[in-house]
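J.: Copying in the features that TrEMBL gives for the protein in this structure:
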- C:9-149: domain 'Aspartate/ornithine carbamoyltransferase carbamoyl-P binding' (DOMAIN)
- C:Arg56, C:Thr57, C:Arg106, C:His136, C:Gln139, C:Ala263, C:Pro264: carbamoyl phosphate binding site (BINDING)
- C:Lys84, C:Arg169, C:Arg221: L-aspartate binding site (BINDING)
- C:157-300: domain 'Aspartate/ornithine carbamoyltransferase Asp/Orn-binding' (DOMAIN)
Amino acid sequence: MNDRVILNHFVSVERLSNIEVMKLIRRGEAFKKGATWQPEKQQYFAANLFFENSTRTHTSFETAERKLGVDVLSFDTSTSSIQKGETLYDTILTLSALGTDVCVIRHSEEAFFQPLIDSKTIKTQIVNGGDGSGQHPSQCLLDLMTIYEEFGTFDSLKVAIVGDIVHSRVAKSNMQMLRRLGAEVYFSGPKEWFSEEYMAFGTYLPIDELVKSVDVMMMLRVQHERHHDGKQVFSKEAYHQTYGLTIERASQMKPSAIIMHPAPVNRDVELASELVEAKQSRIVTQMTNGVYARMAILEAVLTEAIL
Amino acid sequence: MNDRVILNHFVSVERLSNIEVMKLIRRGEAFKKGATWQPEKQQYFAANLFFENSTRTHTSFETAERKLGVDVLSFDTSTSSIQKGETLYDTILTLSALGTDVCVIRHSEEAFFQPLIDSKTIKTQIVNGGDGSGQHPSQCLLDLMTIYEEFGTFDSLKVAIVGDIVHSRVAKSNMQMLRRLGAEVYFSGPKEWFSEEYMAFGTYLPIDELVKSVDVMMMLRVQHERHHDGKQVFSKEAYHQTYGLTIERASQMKPSAIIMHPAPVNRDVELASELVEAKQSRIVTQMTNGVYARMAILEAVLTEAIL
Amino acid sequence: MNDRVILNHFVSVERLSNIEVMKLIRRGEAFKKGATWQPEKQQYFAANLFFENSTRTHTSFETAERKLGVDVLSFDTSTSSIQKGETLYDTILTLSALGTDVCVIRHSEEAFFQPLIDSKTIKTQIVNGGDGSGQHPSQCLLDLMTIYEEFGTFDSLKVAIVGDIVHSRVAKSNMQMLRRLGAEVYFSGPKEWFSEEYMAFGTYLPIDELVKSVDVMMMLRVQHERHHDGKQVFSKEAYHQTYGLTIERASQMKPSAIIMHPAPVNRDVELASELVEAKQSRIVTQMTNGVYARMAILEAVLTEAIL
């Protein structure tokens with residue numbers, strides 16, 4: 001048990017050391033192979049508060065909780081007292097007072113978690129399920145786990161991150177962590193969605209050049225719902241042909257290379273529909289690994305919770 | 001255990017043989033008497049996706065799942081990624097990847113289940129909880145179970161199906177299955193809601209004639225919400241007097257005859273309000289039997305899921 | 001076990017004798033110290049139907065149910081058949097038929113529970129989670145438990161109930177029960193929100209006089225959402241200065257006196273924000289005690305359910 005990471009809250013993957021990240025990945029792999037948690041209390045309670053729409057992350061966390069034997073409280077953000085004007089702080093204070101051990105929260109406000117983890121009264125562990133355009137650390141961890149499971153190392157792996165980087169909650173974490181863990185990072189997609197600051201972590205290249213040489217094609221969802229300026233810059237067809245992973249481009253990938261996507265996929269926009277369930281795709285694997293990565297996260301914070 | 005039906009998905013009751021239907025009915029009766037399931041895995045996961053409003057079917061399936069010891073994932077269709085435009089196919093692909101063993105789905109699209117059961121990637125079992133104006137096979141099974149429990153046979157039983165047949169998801173299954181199992185089927189209600197194709201399964205008669213001779217008065221809900229043409233053909237009072245089971249008509253039923261209704265009842269429209277909880281009514285019994293019939297269905301598909 | 005209260009439904013705390021109330025309080029304290037329930041059936045089902053927004057009461061009841069080992073059915077009032085026009089009566093009749101042992105209900109209609117507990121067909125236990133402007137008996141019980149836990153007696157305790165008494169579901173129960181149990185009750189707040197009938201239970205005094213002498217300052221939420229006449233009588237600042245518990249007023253409280261509030265708090269309206277988590281505040285304790293008080297209530301009604 002002394003190879004377990006002890007976390008106080010899980011709000012950002014960048015705050016972890018490389019050793020801690022690797023321990024979480026390996027613990028996720030162990031859960032996938034059938035390891036079980038030996039809890040120290042008889043009963044744990046989790047609440048999942050998703051203030052933004054989600055299928056994958058919400059259900060994945062809930063599955064992880066149930067696999068650990070944690071009781072999941074139903075919490076419907078649309079019928080809570082938040083509708084009477086109660087703040088997120090007072091809601092979490094309440095859940096803490098009721099004995100909730102961990103709250104998994106997705107919220108549109110960046111760094112929503114800061115006042116919660118700074119509070120002396122709130123005792124519940126906070127897990128960030130996505131904060132606005134900020135971070136999505138559990139997605140980063142499952143992406144890293146999927147790459148590590150595939151290649152057994154990050155060292156000198158070539159990973160392309162392609163598409164709507166600027167609106168992606170996970171791309172920024174992934175580029176930093178991949179770099180830190182020894183991979184080479186490349187970018188592609190519309191230049192408008194690229195920022196100079198990414199240059200510190202990798203190199204921008206045209207997709208037709210990248211596709212032949214990388215080990216991982218990490219395609220990003222075009223976040224229609226976050227392009228608030230109203231103008232759709234590209235038609236779906238044009239985006240697909242210019243920046244997307246078409247069937248033709250995929251055919252030029254190295255045989256050992258894999259396709260990743262955080263999903264939900266805009267089929268035939270960033271990725272050809274047929275590729276979602278193709279042999280080189282690890283999209284379904286990412287979803288499956290998400291459950292095990294989240295079990296590792298939850299175990300780590302719940303263990304701290306009882307120390 | 002070798003008298004158990006092994007099902008791959010449960011989407012239509014007509015696809016089952018008479019022997020299979022009778023096995024499910026008897027297994028439902030066994031569950032009612034306290035039989036328990038001996039699962040082969042330690043933990044099973046179910047998700048119930050109801051895209052149309054429901055109390056009875058949704059809660060009945062959930063109760064059945066919990067009685068079997070299955071973990072029920074909360075899935076709120078209004079806050080899922082379907083709101084970001086994700087398709088039903090991709091949602092179920094996700095749930096399958098997360099390890100969900102069975103998805104119970106109600107959806108407005110007829111035969112929504114076909115692409116799901118045709119998929120090679122989707123591993124989860126699909127149970128049809130009602131598809132548009134198509135079918136409602138678990139309701140059919142619980143109706144058959146309730147009749148069989150009452151009379152011990154279908155042979156030569158006279159069953160009247162009365163009312164909004166054309167909009168009923170269950171009437172068409174019931175008429176076919178009852179006929180196949182040996183019962184005599186009769187119809188009544190507005191001729192506008194009757195179709196020539198039903199003649200293959202039974203005979204249309206005026207309600208005042210039927211009520212005196214049949215063993216089962218199966219009343220159907222007037223589906224106000226499916227009469228999309230806007231014109232309400234009948235006032236509630238006129239419908240009740242002309243086609244409904246009034247207290248006076250019910251008094252002419254054979255002493256051994258029973259009243260059935262899939263509920264929710266429009267009280268004093270298709271059925272006099274006082275009759276809902278009357279001695280001859282089996283409406284509450286139908287709801288109770290629904291839990292046990294659904295346990296039989298779920299056991300059958302979950303057993304297949306692990307073979 | 002013979003010191004347990006046997007309840008048939010829990011709809012109003014005033015219907016209980018003082019002895020019964022004290023037994024429930026003591027049983028809540030026992031649960032807080034780790035007592036467990038020895039259920040007589042293997043599996044119990046609860047459904048929580050909240051037709052009005054709630055975080056605290058809803059989650060508190062659900063936590064209490066899970067701590068007792070009761071299976072909690074998910075019930076979303078917004079997607080139930082109530083949307084097809086089904087009545088509350090028929091919904092509860094359904095849940096009863098499905099084998100639900102207890103329904104916890106919050107509903108905007110005063111005394112909504114009466115037809116449910118009068119029914120001969122409905123077998124499920126009914127727990128009132130708040131009926132319109134009527135009662136909120138589980139809140140009353142947890143308030144009493146919190147006071148008793150603090151002082152060990154109600155005898156001659158001075159309790160001030162301050163603020164929006166007329167719109168409070170719990171103030172009327174609290175004033176009656178506190179008086180019955182031997183406490184002295186005082187009122188303060190806007191005279192417009194005060195009614196002559198309260199005079200039977202206590203005395204109206206200015207807040208600046210009360211604050212120095214009472215043992216409990218029970219502050220009430222200004223129910224903005226129930227002031228339907230449209231005119232906001234006071235600005236938030238004016239209310240706080242004139243009738244609220246300001247930091248200055250709190251500094252004049254007796255050292256042993258405590259602050260209570262049913263929450264959610266309108267911070268800086270009825271109560272200074274800093275006081276919510278202050279040393280003299282028992283607001284977090286009230287929330288924690290709510291779980292244990294509700295365990296006592298649920299145990300009492302579920303025990304009756306199987307006699």
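First residue shown is number 1, and so on along the chain.
Cβ coordinates come from backbone N, Cα and C, glycine included.
Small disclaimer: the values here were computed from a predicted structure and weren't measured.
Structural setting of the listed features?
T.: For the domain 'Aspartate/ornithine carbamoyltransferase carbamoyl-P binding' (C:9-149), DSSP puts the residue distribution at 65 helix, 23 strand, 53 coil.
For C:Arg56 (carbamoyl phosphate binding site), the same-chain residues 6+ apart in sequence whose C-beta sits under 8 angstroms from its C-beta are C:Ala263, C:Pro264, C:Met287, C:Gly290.
According to DSSP, C:Arg169 (L-aspartate binding site) sits in a coil region rather than a helix or strand. Cβ neighbours within 10 Å of C:Arg169 (L-aspartate binding site), excluding its own Cβ and spanning all shown chains: 22.
The average pLDDT computed over the domain 'Aspartate/ornithine carbamoyltransferase Asp/Orn-binding' (C:157-300) stands at 93.
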J.: Which numbers of helix, strand and coil residues does DSSP report for the domain 'Aspartate/ornithine carbamoyltransferase Asp/Orn-binding' (C:157-300)?
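T.: Its residues fall into 64 helix, 24 strand, 56 coil.
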J.: Let me make sure I understand the span of the L-aspartate site: among C:Lys84, C:Arg169, C:Arg221, what is the greatest distance between any two Cα atoms, in Å?
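T.: Taking every pair of listed residues, the largest Cα separation comes to 34 Å.
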J.: Return only the integer: C-alpha distance in Å from C:Gln139 (carbamoyl phosphate binding site) to C:Lys84 (L-aspartate binding site).
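T.: Distance between the two Cα atoms comes out at 32 Å.
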J.: Suppose we call a site close when its Cβ is under 8 Å from a Cβ of chain B; which of the binding-site residues C:Thr57, C:Lys84, C:His136, C:Gln139, C:Arg221, C:Ala263 are close?
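T.: Going by the Cβ criterion (under 8 Å to chain B), the qualifying binding-site residues are C:Lys84.
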J.: Return the single residue from the binding-site residues list (C:Lys84, C:Arg106, C:His136, C:Arg221) that has the minimum number of other CB atoms within 10 Å.
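T.: So among C:Lys84, C:Arg106, C:His136, C:Arg221, the binding-site residues given, the one with the fewest Cβ atoms within 10 Å is C:Lys84.
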J.: Would you kindly give the Cα-Cα distance separating C:Arg169 (L-aspartate binding site) and C:Thr57 (carbamoyl phosphate binding site), rounded to the nearest Å?
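T.: Roughly 13 Å, rounded to the nearest whole number.
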J.: Nearest of the binding-site residues to C:Arg106 (carbamoyl phosphate binding site) by CA-CA distance, picking from C:Lys84, C:Arg169, C:Arg221?
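T.: If we rank C:Lys84, C:Arg169, C:Arg221 by Cα distance to C:Arg106 (carbamoyl phosphate binding site), first place goes to C:Arg169.
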J.: Could you tell me the C-alpha distance between C:Arg169 (L-aspartate binding site) and C:His136 (carbamoyl phosphate binding site) in angstrom, no decimals?
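T.: Cα to Cα, C:Arg169 (L-aspartate binding site) and C:His136 (carbamoyl phosphate binding site) are separated by 5 Å.
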